[in-house]
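What follows is one structure encoded as structure tokens, with my remarks underneath.
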């Protein structure tokens, strides 16, 4: 089902939102760095999570799917993770597939094994920037080898405690990688943020997850993070929360047509993408927020200016909502989307234009003049999960079918997306396009 044809229809029903990919990465790593056994509940085996599991296994961590003995009949998996304090390199190559989190989290962690290791990947990940780490390698005398700053990357050396200067306007994944490494070194460290920190929510998730596993990091107003050395992570059982960045697609689906209730979204979550609630409220959406669910109904929405610096993953679906909202929607501070799985600003401008939206790229965002209806047509996912899902939701407001090429890009984060889309009334057919 690489290419699919969607017949426009309004969606109605309940969706059990998949677990947070951001929290699943962090929980698996925290458990792996904790001496003893942890059971991590509510896991789906998306391509990115499989990459992190492979990576941790390469570092000598035992991980086993125990769903049948732990929670028989559950749609979601439970992992038994046998962690250890001292990492041992069991495989000298770590394949990160297309997962930026896996790559950037595990590079500094792997240096604790003090053995040469090579990181590989594919797709856009091969060329996504790693300059923050290259600077650290050079400052600390860690050997590394790469061709034109692209994967594969081979590193060999030992990371030492100290001061680490990191720009705040590049990916927070580098900060997370350091936070998963520095507490376990023989000495205290400090991460100093040299520009305004964006995506604070992801850093909050890291600090909170580490704390739940017994590791403390002092946050000095997001300007510096003070980290005591020689800490120990403690094994525990942990349930991964539902994912607001995935829930956002069905939250908007309810706004565009009929009534959708998204389940397993914790209103007290630290996830930055919880911002979807306030953003759609400001746009005039009919939304009801419960303790662990969000319900949206068909609404007349209006354009606003959206600062995406703290919630970049919401931009594709917010662009869809803007395209069918009254007036003008402007998305700003989203320049980092140009170095995601694809250039998401260009992708959304290109693909929404194909189905009749009035949308233009800005250097750091998008400007969208809303229309009541879109027309349908052939679009491409750019092999990006969020583009594929956004275009599926856009079909609700189309007058003709939408054909999405490379639709299985959703496997990166949400393998059951098409099943869930049909569950609430989406009508899809496989579409060969000559294949």
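Cβ atoms are placed via backbone N, Cα and C, with glycine included.
Noted in Swiss-Prot for the protein shown:
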- 21, 22, 26, 171, 172, 173, 199, 313, 340: 3-phosphoshikimate binding site (BINDING)
- 21, 100, 128, 173, 344, 386, 412: phosphoenolpyruvate binding site (BINDING)
- 313: active site, proton acceptor (ACT_SITE)
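Within 10 Å of the C-beta of residue 128 (phosphoenolpyruvate binding site) there are 20 other C-beta atoms, taking all protein chains into account. When the Cα positions of 21, 100, 128, 173, 344, 386, 412 are compared pair by pair, the longest gap among these phosphoenolpyruvate-binding residues is 19 Å. The subset of binding-site residues (21, 26, 128, 172, 173, 386) lying with their Cα within 10 Å of the Cα of residue 313 (active site, proton acceptor) consists of 386, given in sequence order. Residue environment of residue 386 (phosphoenolpyruvate binding site) contains 31 other Cβ atoms, counted within 10 Å of its Cβ in all protein chains. Sequence-distant neighbours of residue 412 (phosphoenolpyruvate binding site): residues of the same chain at least 6 apart with a C-beta under 8 Å from its C-beta are 46, 47, 48, 98, 99, 341, 385. Following the DSSP three-state reduction, the secondary structure of residue 199 (3-phosphoshikimate binding site) is coil. Taking the Cβ of residue 199 (3-phosphoshikimate binding site) as centre and 10 Å as the limit, one finds 23 other Cβ atoms among all the protein chains shown. The binding-site residues recorded for this entry are 21, 26, 340, and the Cα of 340 lies nearest to that of residue 100 (phosphoenolpyruvate binding site). Burial estimate for the binding-site residues (21, 26, 340, 344): highest at 26, by number of other CB atoms within 10 Å. Counting every protein chain shown, the number of other Cβ atoms lying within 10 Å of the Cβ of residue 100 (phosphoenolpyruvate binding site) is 20.
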